[in-house]
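Listed features, source TrEMBL:
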DOMAIN    12-116  domain 'PGG'
TRANSMEM  19-36  transmembrane segment
TRANSMEM  67-84  transmembrane segment
TRANSMEM  96-114  transmembrane segment
TRANSMEM  120-146  transmembrane segment
DOMAIN    160-271  domain 'PGG'
TRANSMEM  167-184  transmembrane segment
TRANSMEM  216-236  transmembrane segment
TRANSMEM  248-265  transmembrane segment
TRANSMEM  277-299  transmembrane segment
DOMAIN    323-430  domain 'PGG'
TRANSMEM  377-397  transmembrane segment
TRANSMEM  409-426  transmembrane segment
TRANSMEM  438-458  transmembrane segment
Amino acid sequence: TRESAAQQDNKLLEKNRSLVMLLATLVVSITYAAGLDPPGGLWPDDRDGHKGGDPVLLATHPTRYKVFFYSNSVAFVTSLVVIVMVQSTLLLQHHILHAAMILDLFGLITAYAAGSGRDFTTSIYVVALAGVVLVYVVIHIVFFTLEDNMDQVHQRDADKLDKRRDMLLLLAILAATLTYQAGLTPPGGFWSADDKFGHRAGFPVFLDNYPRRYSAFFYCNAASFMASVTLIVLLVNPTLYKPGIRCYALYVCTVVSMFGLMGAYAAGSSRHLRTSIYVFTLVAAVFAFLTIQVVIFLMQNHRRGPTVNVSSGKVASDTGTEEKNLREYLMPIGVLAASVTYQTGLKPPGGLWQDNNNGHTAGNSILHDTDRGRYRAFFYSNSTSFMASIVVIVLLLPWKGLHLPLGRMYAAILLDMLGLLVAYAAGSTREWETSSLVIALVVPVLAYIAAYAAVFLFRNKCQCGKGRANEDSA
């Protein structure tokens, strides 16, 4: 009927409006920060013809800086205009705002390629990563969905695809937000001036002190960023994201983006052997755990076979509802923990040394040298929380036929939250007594919740008792 068709059109319009608003907000947030804190850093004072506070990259690589600046600015201004005009039904119906957001995303790619590297070859490699991801997805869709009739999709299946798209979009936005700023301002900071040791202003300190570790961080971070931005571009187009989700091509991109985050964190958060061994052990443990889950899933499907038990329909429905509620509850927690721990892992509390004097190494953590025990407590807890978040995020992806291990998911979230608590207690203060008091705050909070629950149950019990007494008297 006409009314149902109009409702479907309004529903689709609101979905498009929410999508455009979400992407525009993402671009505004990361381009605003990158514009005010540009790659290469700022001159600390007025000397050698430089003015304090001006971008270093503008003096050392003027063309590269201008490409970054104008690409970043175009993305920022376009997103602001889109946010103001997102209420226009005409622009949404004709996909004009969608086209503007695609321009935004390509502006992000150009700005990242120009600002994250210092030579032309590196920038080409970075852009090529996005091309590789895009080519893979297209080939996957062509070869694995060629025999499927993608046009005949029931409304129920379409709703499932939309929900899966929303989840993938959330993860892609998470990865893009974290990796854009981390790629433009890598851990360790930048040299503020040329010196006699061959260090050049505007170049990453991390690159000169730990070239191999920096290369691992750079390419893992770039791969995660390009995979996430390419994923966002594909998720905007229904013609591409629907077959891409059904053949799991976009899931593969999401997993690559998450593992890119893990590799960048492992390479960029540590400078010392002991902490590096711990982080890489965590990465190996996460990879092994996820591999075991996939093997168990495949073995269970093989044993179960293709038969379907009709009497188990209600149980399956209840299980599906429980898993859906679990995803909606745990996914935001995993995303929150991953975002905060990634950023603090690359830029730890206490700051970084700015030079190589007095036995210190520029770009290394000050807290590691002044209070090693506290730094290790922060680092191990923060890293554990980050890796647990990645496990939760990957397992929460809606893989077809994969039932979530509820007990292990809750255990991972508990480990995640405990890691955050200990990392905050260790990193937010410099006295162990204060740190113990921060952790002890959990006790009164739990006591308050328990007391409130007890009062609630007591009131309900009293009300039920009064109700029964009134029924008996009547």
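The backbone N, Cα and C atoms fix where each Cβ goes, glycine too.
Quick caveat, the model's predicted, so the values are computed rather than measured.
Same-chain neighbours of the transmembrane segment (167-184): 19, 22-23, 26, 29-30, 33-34, 37-39, 68, 108, 111-112, 115-116, 218, 221-222, 224-225, 227-229, 231-232, 235, 245, 250-251, 254, 257-258, 260-261, 264, 268, 327, 331, 335, 338-339, 342-343, 346, 393, 396-398, counting only residues six or more beyond its ends whose CB sits under 8 Å from a CB of the stretch. Scored by C-beta pairs under 8 angstroms, the transmembrane segment (120-146) has its highest count with 248-265, from the stretches 19-36, 96-114, 248-265, 377-397. Confidence over the domain 'PGG' (323-430), given as mean pLDDT on the 0 to 100 scale, stands at 82. Sorting each residue of the domain 'PGG' (323-430) by its DSSP state yields 76 helix, 2 strand, 30 coil. In the domain 'PGG' (160-271), helix, strand and coil residues by DSSP number 85 helix, 2 strand, 25 coil.
Secondary structure of the domain 'PGG' (12-116) per DSSP, as helix, strand and coil residue counts: 80 helix, 4 strand, 21 coil.
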